[in-house]
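Some notes on the structure that comes next.
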């Protein structure tokens with residue numbers, strides 16, 4: 001069995017996220033006629049401005065042809081998500097109901113693709129991307145490499161352009177590597193959390209070379225002390241992001257399990273470009289334009305690198 005994904009993950013899975021009150025209307029007119037997010041939690045989403053996601057929205061806000069699979073504890077159909085959720089699967093219980101009995105997966109999905117400018121919840125990175133919910137972790141946040149590998153293959157077979165994994169363990173696995181290879185052959189980009197032990201030891205599947213490994217940084221660009229690090233970590237992203245829990249309440253979702261879906265959302269935005277970039281081109285754009293020395297993603301530069 002795969003244990004809980006580091007100390008911070010365990011805290012989040014135990015419900016230790018700090019919940020905050022909605023912050024009011026942040027609507028603002030834009031030059032091209034669309035409205036910037038008026039979602040209650042938008043004003044607390046500092047990561048969107050610092051990574052220049054908000055500037056990418058002037059051009060791209062996602063596309064329903066782009067599927068982002070969220071492999072986690074399941075995803076609940078909150079109003080901010082349900083209109084773009086596809087039928088998924090539960091590899092823990094072996095059924096077609098990937099309901100979230102923990103909350104971790106619902107928060108991850110919201111970071112990726114909660115609807116924007118709808119006066120509800122928060123603004124996800126890729127507003128119009130579709131979410132494929134795949135439950136591979138149980139209510140305690142644990143699961144097997146076998147279930148995770150099955151979930152990766154399932155997502156790839158259903159056309160996921162991006163597969164987001166806010167999970168991992170210390171052991172390498174041929175089963176995971178084979179699943180990653182399978183998904184990549186079908187055109188998927190796999191994004192995974194680097195882990196939360198504050199160490200340089202590899203964390204899997206993030207440390208598999210072709211997987212996009214994501215660390216967490218603060219609002220100043222400094223690495224969070226709990227974020228794993230090392231040459232195997234490809235990029236960093238905001239490690240604390242507002243997200244809706246299963247009840248819809250907005251709370252702070254922290255850890256590399258929050259940073260990974262942030263990057264998955266950026267990848268979804270890039271995949272929605274009319275240029276129709278490949279997974280390899282998206283990965284190269286994200287990694288090749290990251291800020292120095294923090295390694296933080298720069299979504300606008302990544303988009304420009306595709307042109």
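The backbone N, Cα and C atoms fix where each Cβ goes, glycine too.
Straight from TrEMBL, the features:
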| type | residues | note |
| --- | --- | --- |
| SIGNAL | 1-26 | signal peptide |
| DOMAIN | 65-290 | domain 'Peptidase S8/S53' |
| ACT_SITE | 72 | active site, charge relay system |
| ACT_SITE | 104 | active site, charge relay system |
| ACT_SITE | 257 | active site, charge relay system |
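In three-state terms derived from DSSP, residue 257 (active site, charge relay system) belongs to a helical segment. For the domain 'Peptidase S8/S53' (65-290), the mean pLDDT of the prediction comes to 97. Across the fold, the C-alpha of residue 104 (active site, charge relay system) and the C-alpha of residue 72 (active site, charge relay system) stand 7 Å from each other. Its Cβ placed at the centre, residue 257 (active site, charge relay system) has 34 other Cβ atoms within 10 Å. Note on residue 72 (active site, charge relay system): other Cβ atoms within 10 Å of its Cβ, all shown chains, come to 30.
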